[in-house]
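Notes to accompany the following structure.
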Amino acid sequence: MAFVTRQFVRAMSSSSAASAAAKKIMVKHVTVIGGGLMGAGIAQVAAATGHTVVLVDQTEDILAKSRKGIEESLRRVAKKKFAENPKAGDEFVDKTLSSISTSTDAASVVHSTDLVVEAIVENLKVKTELFTRLDKFAAEHTIFASNTSSLQITSIANATTRQDRFAGLHFFNPVPLMKLVEVIKTPMTSQKTFESLIDFSRSLGKHPVSCKDTPGFIVNRLLVPYLLEAVRLYERGDASKEDIDTAMKLGAGYPMGPFELLDYVGLDTTKFILDGWHEMDAKNPLFQPSSSLDKLVAENKFGKKTGEGYYKYK
Ligand SMILES: NC(=O)c1ccc[n+]([C@@H]2O[C@H](COP(=O)([O-])OP(=O)(O)OC[C@H]3O[C@@H](n4cnc5c(N)ncnc54)[C@H](O)[C@@H]3O)[C@@H](O)[C@H]2O)c1
């Protein structure tokens, strides 16, 4: 609540009856900023469920790579979903791809979009600069959402003039497979925005849960300390990475061991999360840095996405 002005809260409460009565936004047109691991997945799922999507990234080369990844992923989906009817599978792939256009200029494509989902680099300054700029170009009704894993949604929302139309929309990797979306409501997010995002998440075939704007939301607040405890166990030489992974799979019934999962999530992303929490609360033993994680990230070994991490990929 520290970030919200009294005037803002008063204005919001006096208009709460009006906003409750206001109609929710039916999201049809989505702009996804960032065509990396998460953004490409979000664009794919949105297009596959009947939305019109513009995918934005910094260069045409990155966008071409994203598009290729989306097509390959869609072909895998189609192979399963239309196993008996390959022609229908091809049509599904073509139709979905035709709903996705791309751009390197976010400001020029947000004028008529219903929702902007941001999935760019996990850096507060870069994210706030992007949203401050888009705020000037986006339509009045447009909802802004960040897919950040670790940054405070309120801090990003405060860079815009539409704090009531700003929330967190936290997807999980790989987006086409993972059913969960955490919808993060800040003290300024309007009920209309929140409900519109719940509806949007359901329209993607996802299961939304809601959480306040608290570090790590639900999943990462529990998961990241667990992953780092596994790393500390390994760094102390108490057990090997392989045995730790096997132990958690066979002993706890987890589908992946912690090192496998770290490589999958991205070591850079995990380090960013940990560093951010450590900055907020340096004394917390769960938020202490890890020498092996720091070293791998410094060597640009980010896990699956770079081909090397705690394990080496072929
Ligand atoms: N990797 C995960 O498992 C995961 C899960 C949930 C949420 N997230 C969050 O999603 C976001 C993206 O993560 P990712 O793993 O997809 O990263 P990524 O590195 O795979 O992709 C980020 C993309 O954003 C692009 N980009 C950077 N700055 C940009 C700008 N100003 N404008 C347009 N594009 C820009 C980059 O070129 C890159 O293609 C982060 O905030 C991360 O915390 C990640």
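A Cβ is built for glycine as well, from the same backbone N, Cα and C atoms used for every other residue.
Nobody curates TrEMBL annotations by hand; they come from automatic prediction.
Looking at the domain '3-hydroxyacyl-CoA dehydrogenase NAD binding' (29-214) alone, the prediction's average pLDDT is 97. The domain '3-hydroxyacyl-CoA dehydrogenase NAD binding' annotation in TrEMBL covers 29-214.
Long-range C-beta contacts of SER149 (CoA binding site), restricted to its own chain and to partners at least six residues apart, with a cutoff below 8 Å, comprise GLU122, HIS170, GLY216, ASN220, THR269, PHE272, ILE273. The feature NAD(+) binding site is assigned by TrEMBL to GLY34, GLY35, GLY36, LEU37, MET38, GLY39, ASP57, GLU122, LYS127, SER149, ASN173, LYS305.
Residues or ranges marked as CoA binding site by TrEMBL: SER73, LYS80, SER149. Annotation note: SER73 (CoA binding site) sits in a helical segment as assigned by DSSP. SER73 (CoA binding site) counts 20 other C-beta atoms within 10 Å of its own C-beta, drawing on all protein chains shown.
Look at TrEMBL and you will find HIS170 tagged as site 'Important for catalytic activity'.
In terms of DSSP helix, strand and coil, the domain '3-hydroxyacyl-CoA dehydrogenase C-terminal' (216-313) has 62 helix, 3 strand, 33 coil. According to TrEMBL, the feature domain '3-hydroxyacyl-CoA dehydrogenase C-terminal' maps to 216-313.
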Three-state secondary structure, HIS170 (site 'Important for catalytic activity') (per DSSP):
strand
Reduced DSSP assignment, ASP57 (NAD(+) binding site):
coil
At 10 angstroms around each C-beta, which of the binding-site residues GLY34, ASN173 has the fewest other C-beta atoms nearby?
ASN173
Would you measure the largest Cα separation among GLY34, GLY35, GLY36, LEU37, MET38, GLY39, ASP57, GLU122, LYS127, SER149, ASN173, LYS305 for the NAD(+) site and round it to whole Å?
22
Quick one: which of the binding-site residues (SER73, LYS80, LYS127) have their CB closer than 6 Å to ligand 1?
none
Using LYS80 (CoA binding site) as the reference point, find which of the binding-site residues MET38, LYS127, ASN173 has the shortest Cα-to-Cα distance to it.
ASN173
